[in-house]
Structure formats: C-alpha cells, structure tokens
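Asker: TrEMBL feature annotations, pasted as is:
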TRANSMEM  A:7-29  transmembrane segment
TRANSMEM  A:35-55  transmembrane segment
Amino acid sequence: MKQDEGAAWSIFGYLLSGLLFWGGAGWALDHWLHTHYFVLGGLLLGMGASLYLIWLRFGRE
Amino acid sequence: MKGTLNLVGYGLSAIGPAIATGMIFAAYISGVARQPEARSVLQPIAFLGFALAEALALFGLVLAFVL
Amino acid sequence: MPLLRFLSQDGEGFVPPSTSDFNLPPVFGDNPYTTKPILLVFLSVIAVSVFFILASRKAAILPSKLQFAGESIYGFVRNDIARDNIGHEFMRFVPYLFTLFTFVLTNNIFGIVPLLQFPAMSHVSFPYVLAIFTFIVFHYVGIRKQGIGKYLKDIMFMPGVPKAAYILLTPLELATFFIVRPLTLSLRLFANMFAGHLLLLVFILGGDHLLKGVIGLKLISPFAFAFGIGLTFFEFMVQCLQAYIFTLLTALYIAGALADEH
C-alpha cells in the first residue's frame with residue numbers, strides 16, 4: 001500500500017507539471033502574440049500529455 | 001469582504017473529484033482486501049481512474065487562477 | 001431579520017485571523033533572528049537530541065519505558081519507511097530519514113503543545129530548506145549510482161514510446177523531477193500546517209470574541225471552543241501524518257533514484 005501512496009502522489013505531480021509546463025507555454029504565447037486562446041489549448045495539451053505519460057507509466061501491465 | 005469568486009467556484013468544483021477519488025480508492029481497497037491476488041489487475045485501473053478525476057480537479061485549480 | 005441583525009451587531013469588531021498572525025515580532029528586543037519560529041526550531045533540535053540521548057544511554061535487554069519509546073520510533077522509521085521501500089541498501093539512508101522524521105514531527109506537534117502552539121513549518125521557508133536537502137540527496141544518490149548520463153537519460157526518455165511523443169513527454173519528465181517534486185513536497189507540508197493553525201485560530205479567537213457578545217452569543221461560544229478542542233485532536237493526527245508522508249516520499253524518491261529503470 002505504501003508504493004500505492006507514492007504512485008498516487010507522483011500521478012498528482014505529473015498532472016501538475018503537465019498543466020503548468022504546456023499551460024505556461026500557451027500563456028507565454030498569448031502574452032507575446034496578444035491573443036487569448038493559446039492558454040486553453042496549452043492546458044488541454046498538457047493534460048493530454050500527462051494522462052498519456054501516466055498511462056505509460058502506471059496503466060500498462 | 002474582499003477576494004475573488006473564482007476561488008469559491010474552484011472550491012465547489014473540487015467537491016466532485018474529491019468524492020470520486022474517495023470512491024475509487026474505497027473500491028480499490030475493498031477489492032484488494034477481498035481478493036489480494038487481484039491487486040495487479042486492479043492497480044492500473046484504480047490509478048487511471050484517479051488520474052482522470054484528479055486531472056479535473058487540477059484543471060479547475062489552474063483555471064481559477066488563469067481566468 | 002431584525003433578530004439576526006441584533007445578534008450580529010456585536011460582530012463588527014471581530015478581526016478574522018489572517019496571514020499577519022503568522023508574522024510574529026522578535027522575542028528579544030529588535031533582533032530579527034529571535035522570532036518564535038526560529039526559537040522553536042532550536043528548541044525542537046534540543047528536545048529531540050535530549051530525548052534520544054536519554055533513551056539510548058542506558059540500553060538494556062529489558063528496556064525501560066523511555067528506551068522502548070525511543071526504539072519504537074527508530075524501528076518505525078527504519079523498518080516501515082526505509083527497509084520496506086528502499087531495499088537492501090537502506091541502512092545508508094536511515095540517519096537522514098530518521099533526522100527528517102523526528103525534526104518535522106516535533107516541529108509539527110509544537111503547533112498544539114500548550115504555550116508553544118506554533119508550527120514552525122507554517123513558514124514556507126523551513127519546508128523549502130528540507131525539500132532542497134531531499135532534492136540534493138536523491139539526485140546525488142542517483143547520479144553516483146548510475147552516472148550522470150544514464151541517470152538523465154532514464155529520466156528523460158522512457159522506453160517503448162514513439163519518437164514524436166518525446167517532444168511532449170520529455171519536458172514533463174524534467175519538470176516533474178526537478179521542479180514539481182521538491183515544490184509539492186514542501187508546499188504540502190507548509191499548506192497543511194498553515195491551514196491547520198489558521199483553522200484553530202478561527203475557532204479559538206471566534207469563541208473568545210463570542211464570549212464578549214450579547215447573551216445569545218455567549219451561549220454559542222462553548223460550541224466554538226468545543227470544536228476548537230476537537231479540531232486540536234484532528235490537527236494532532238494531521239501533523240503526525242504529514243511528518244510521515246514527508247519522510248515516506250523522501251524514501252520513495254531515493255528508491256526511485258536507486259532503481260535501475262524507473
């Protein structure tokens with residue numbers, strides 16, 4: 001059960017870093033180009049990427 | 001009173017993932033307790049469900065600050 | 001509504017607790033290095049040292065109560081945290097994990113000890129320093145064990161993924177290992193201690209303020225105090241749990257760095 005707890009926290013970390021990295025990239029693009037839709041795309045991309053990574057790491061048997 | 005309503009909205013939206021996470025792990029724990037050898041089958045499913053629920057909670061957290 | 005207004009008219013002077021309640025003035029004169037959190041950290045170091053020196057001084061086959069208490073804490077960290085997670089090399093890391101656990105636990109519990117009643121970890125700089133130590137330890141261990149090239153390659157490129165996906169995944173792995181892990185490790189401890197102390201402040205100060213109100217409010221204030229006492233026991237549980245989680249995650253990070261493939 002301890003490894004499970006560690007896995008749960010590392011899933012949380014992956015999701016957070018996905019949202020922060022790609023969402024942050026989208027936010028920077030918005031800031032640079034004076035638009036307002038890249039941040040949403042970046043957040044969705046980051047969430048997809050982190051879910052893919054979590055599936056690779058924890059979902060495969 | 002000062003502050004932003006975004007955080008109230010985030011608090012409300014976090015209720016759903018909180019209940020979902022609790023239910024996922026409750027089901028996982030009782031499943032493993034009944035049949036310990038089913039653990040390797042249940043573990044990926046439980047973690048993927050947890051990841052999906054948690055993704056919504058974090059999405060709400062980020063949007064509460066971005067919007 | 002008039003009744004409500006009557007009941008709440010004495011609530012005007014109530015100042016809800018805020019972050020300014022955490023910025024305590026220096027204890028001795030104007031010296032900024034003698035604030036309460038710093039003194040509590042020093043006190044915790046002294047308390048932990050004295051306790052374990054006394055507990056281990058007269059080690060006997062038939063342990064005294066003090067020796068038993070000390071040995072059960074040590075055994076908990078060594079067996080349940082270090083050995084079960086790290087594997088056969090665990091003895092190297094027991095001193096660090098044990099120091100971390102006792103230090104964080106003592107400082108957390110100072111949050112509910114009467115007269116001290118301030119968790120030093122509710123100032124974010126203390127958890128930051130602890131997380132930086134853990135960060136250095138687990139990366140150093142991983143680099144020493146596998147060499148810097150292989151260690152970074154294991155982090156950045158996981159096998160069995162199409163090449164194009166690395167553009168998406170490698171930044172995430174790097175951000176997780178080098179930024180998010182120490183950040184969440186410290187912020188989790190900080191946020192729990194901060195919120196717990198704020199919660200206790202709300203109930204105790206609120207009960208105290210209700211006691212000064214009209215008769216109807218005086219009758220409510222025992223409930224606020226009762227909730228405050230109940231939450232104090234809840235806080236005790238949270239404080240022990242957070243010290244345990246901090247140490248457990250440190251052990252798991254070290255185990256991950258030692259393992260050949262993640």
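Glycine too: its Cβ is placed from the backbone N, Cα and C atoms.
What you see is a predicted model, and the numbers here were worked out from it, not measured in a lab.
Situate these features within the shown structure.
Answerer: For the transmembrane segment (A:7-29), same-chain residues at least 6 beyond its ends with a Cβ under 8 Å from one of its own Cβ atoms are 35, 38-43, 45-47, 49-51, 53-54, 57-58.
Using a Cβ-Cβ cut-off under 8 Å and counting only residues 6 or more beyond its ends in the same chain, the transmembrane segment (A:35-55) has close neighbours at 11, 14-15, 17-27, 29.
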